[in-house]
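Below is one structure, written out as structure tokens; the observations come after it.
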């Protein structure tokens with residue numbers, strides 16, 4: 001039994017780790033060259049405000065007295081800039097959100113193993129491509145962009161980690177700290193000629209990370225007074241910083257401003273999943289090179305937010321979160337981040353059609369470079385006769401699309417050039433996904449074969465040791481030897497196949513695991529034969545009935561992933577099981593307890609997924625009650641015969 005349990009733990013550990021290799025491997029590639037728009041940019045500098053944890057509805061909605069809790073930002077989107085919703089992706093955490101905003105790609109999910117604080121794979125960003133970047137805010141966010149930068153041009157000013165107290169009464173002080181330090185920084189630059197000169201250069205980024213709203217949301221919930229008051233403080237701070245920067249640069253009209261958020265928050269103060277309250281974040285852009293508000297008579301979105309926010313007459317420009325990185329790069333004329341998968345949102349730009357077409361062409365070339373590197377990497381590690389290229393974007397098609405787009409720009413057919421570049425971007429993104437998931441079917445199949453093999457083996461062991469369905473059969477040594485050499489030969493072929501393709505060592509584990517598992521199954525062929533003989537002896541209707549019940553149970557389990565209430569149906573069926581099988585007559589008390597507990601448990605899936613408050617005593621009490629009930633059969637006199645076998649007693653103990 002101990003060996004069997006250890007084998008089970010090892011197999012399941014392999015299955016668990018395989019998830020990260022198959023689904024959560026890093027999407028990043030390296031070896032691309034930088035590309036930027038060849039025309040002069042509209043802005044010399046960019047100010048990025050990220051209000052951590054700010055929901056779109058919390059910023060855009062009006063109070064009960066029909067006034068905005070962020071009057072300055074409301075005035076900007078109504079009179080001076082463009083606005084919309086930035087759609088984030090799961091996981092809606094601070095690090096992945098900032099990586100999408102500033103680097104333009106969706107985070108390698110394996111970063112969760114490093115607490116979202118370290119870079120599992122180095123990446124490029126708008127900060128890295130800038131001439132100088134100064135940033136203020138949380139020590140959890142700022143250092144990762146400075147650490148990944150080449151050279152010493154990304155400067156960070158952080159408060160202490162101890163300041164991030166989620167239980168603090170006034171978390172807005174984190175944002176006040178940022179605003180105060182930015183003001184003192186600009187004041188000190190007047191007496192520091194080196195700093196003053198650096199601030200007056202082109203391609204400068206100022207990044208203000210505002211954590212107070214997120215902290216207040218966790219501590220007090222987004223509908224609380226503290227959360228809403230913090231939005232007012234941020235609005236006031238943004239107004240003061242905007243005015244100060246404009247004055248510092250003599251109102252030269254060369255500063256672009258962006259305010260957005262990394263993620264939203266649920267009503268109970270959490271984030272990380274994919275609820276709209278977590279994935280919908282605000283985006284307001286104004287200043288140099290940015291379009292003014294566009295009046296519209298009607299616009300259609302699936303949600304009803306426009307009417308609620310009283311913004312139905314101002315054009316709403318929604319983007320994916322990764323699209324903000326190329327927008328920032330285009331505004332200040334730096335190369336698009338090498339790993340960016342964002343598409344430049346042209347409707348935010350107030351510039352010539354020629355500039356927009358050139359920017360879009362640069363965007364297309366930059367994403368196509370990643371596609372080429374990804375394709376060459378996959379080609380190098382795959383046998384030529386097995387390699388299947390991404391056909392919609394063959395080498396000839398790439399050259400054709402690029403030549404045609406460049407020709408359209410030369411002929412001043414800018415709209416056609418933009419349209420063609422968007423097509424090329426979409427194809428390149430599809431191709432990136434294709435090569436990133438190239439081995440997914442192969443690896444998934446290997447894991448599935450191993451999983452089915454292990455499940456089959458466990459079923460056979462249970463049938464062999466705990467039922468009388470099979471007869472004890474003496475093993476044939478000659479057959480066992482042939483079987484062993486046969487499976488060993490299969491394993492050698494698989495290993496050789498992986499070796500000539502220079503696959504990672506984990507591929508060997510996933511592909512070779514099914515070999516010993518199915519060898520163990522093959523050794524139990526007599527058990528399978530006995531089981532088949534027993535099943536064939538059953539009536540056809542009985543066999544079909546068992547099959548249908550099994551399929552129904554599996555379907556209920558599958559549905560429960562999408563609809564929790566499906567578990568209620570399964571539990572109610574379990575509750576009626578004693579009545580259906582006539583156990584009710586044999587043991588009324590036990591059957592009644594069983595039915596009652598199943599009905600009680602059936603209520604659980606109908607309850608809310610996440611509660612507002614933690615109830616630790618309830619969790620501890622339920623754990624202790626489970627242990628008590630589990631040990632009850634050991635103490636019961638009626639179970640003496642059942643547990644006379646010491647092996648059974650051990651198994652029960654392991655289960656507890």
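Positions of Cβ are set from backbone N, Cα and C atoms, glycine also.
Automatic, uncurated: that is what TrEMBL annotation is.
In TrEMBL, the feature transmembrane segment is placed on 592-610, out of the ranges 421-439, 592-610. For the ranges 399-415, 569-585, the feature annotated in TrEMBL as transmembrane segment maps to 569-585. In TrEMBL, the feature transmembrane segment is placed on 505-522, out of the ranges 379-396, 505-522. The average pLDDT computed for the domain 'GPI ethanolamine phosphate transferase 1 C-terminal' (430-643) is 85.
If you look at the transmembrane segment (482-499) against the transmembrane segment (505-522), you find at least three C-beta pairs under 8 angstroms, all six or more positions apart, and that counts as contact.
When Cβ distances are compared across the two stretches, the transmembrane segment (592-610) makes no contact with the transmembrane segment (616-635), since fewer than 3 pairs at least 6 residues apart fall below 8 angstroms.
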